[in-house]
Amino acid sequence: MFARTLTICLLTLLKLTEILWKLANILVLSDLLFFPLNGHQGERFNFILSILHILWPGGIVPYDIASHYAQHERSVILSAMAEFPKYTCITFRPRTERDLYYLSINKYYKQDYVGRQTSIYFRTREGKFETRMRLHESCLRYGERGRGTVMHELMHALGFHHEHQREDRDPRVKGNSYWETIVYPRNKAYYMGAYDPTSIMHYDFPGLTYPRTHFSRSDIARINTLYRCPQAKNYFKNSLQQRQQFSQKRSPWQYERM
């Protein structure tokens with residue numbers, strides 16, 4: 001009896017270790033940010049389990065904007081938030097005392113985080129969990145450019161990563177820093193559709209891509225698919241074929257925008 005119990009415990013421990021190892025690899029490679037379009041059923045199941053904890057339930061994101069922002073800066077932030085309900089089921093609202101998880105926007109944070117943060121590291125003195133989003137006042141320019149920057153950062157908070165860091169990006173995309181040019185070696189099964197240089201998650205590379213002020217069609221489709229919004233459409237059914245047709249001769253940024 002003891003030997004059987006011990007065997008079951010060991011097998012359970014091994015299975016748990018395997019799951020944690022897979023999750024660790026996903027976190028390091030940022031694979032959890034992309035929905036598995038292909039792959040075996042087991043891969044899809046493991047991926048879904050790993051991504052659920054970073055999504056905002058019901059697409060509702062309670063937020064807290066630091067008081068140090070000027071009124072016109074707050075207006076830029078709020079205008080960016082207002083773009084999401086126009087095309088998706090994502091809703092940003094001021095946080096209340098009942099909210100256990102919320103998005104905290106502050107210019108003094110050291111870095112941003114991708115997706116809803118649930119670990120004890122992000123627990124506040126009040127017992128809440130804050131997902132930190134750094135937003136310097138220099139990003140809050142008047143007009144569409146500032147709004148587009150905030151939309152980009154809010155996409156990170158929703159669980160999305162940079163488009164220009166995909167394996168299948170345009171080979172001419174080259175930046176001035178390591179963080180602009182690094183490529184995440186993700187499994188292509190976790191990409192959401194074909195590479196889209198018009199995505200608001202794509203950095204500006206002069207001569208190739210330019211500052212984004214609006215969602216691209218794929219941005220909207222990705223949000224709706226990941227959060228299972230009623231607006232979701234079968235946008236990615238031909239994504240593999242699109243990736244195969246990608247080449248330097250064909251300008252991939254001639255995509256239609258919303």
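The backbone N, Cα and C atoms fix where each Cβ goes, glycine too.
According to TrEMBL, the protein carries these features:
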| type | residues | note |
| --- | --- | --- |
| SIGNAL | 1-21 | signal peptide |
| DOMAIN | 46-230 | domain 'Peptidase M12A' |
| BINDING | HIS152, HIS156, HIS162 | Zn(2+) binding site |
| ACT_SITE | GLU153 | active site |
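The binding-site residues HIS156, HIS162 differ in how many other CB atoms lie within 10 Å of their CB, and the one with the most is HIS162.
Using the Cβ center of HIS152, HIS156, HIS162 for Zn(2+), the list of other same-chain residues with Cβ within 8 Å runs, in sequence order, ASP112, GLU153, MET155, PHE160, HIS161, ILE200, MET201. If you measure from the Cα atom of the residue listed as 'active site' to that of HIS162 (Zn(2+) binding site), you get 10 Å. If you draw a 10 Å sphere around the CB of HIS152 (Zn(2+) binding site), it holds 21 other CB atoms from the protein chains shown.
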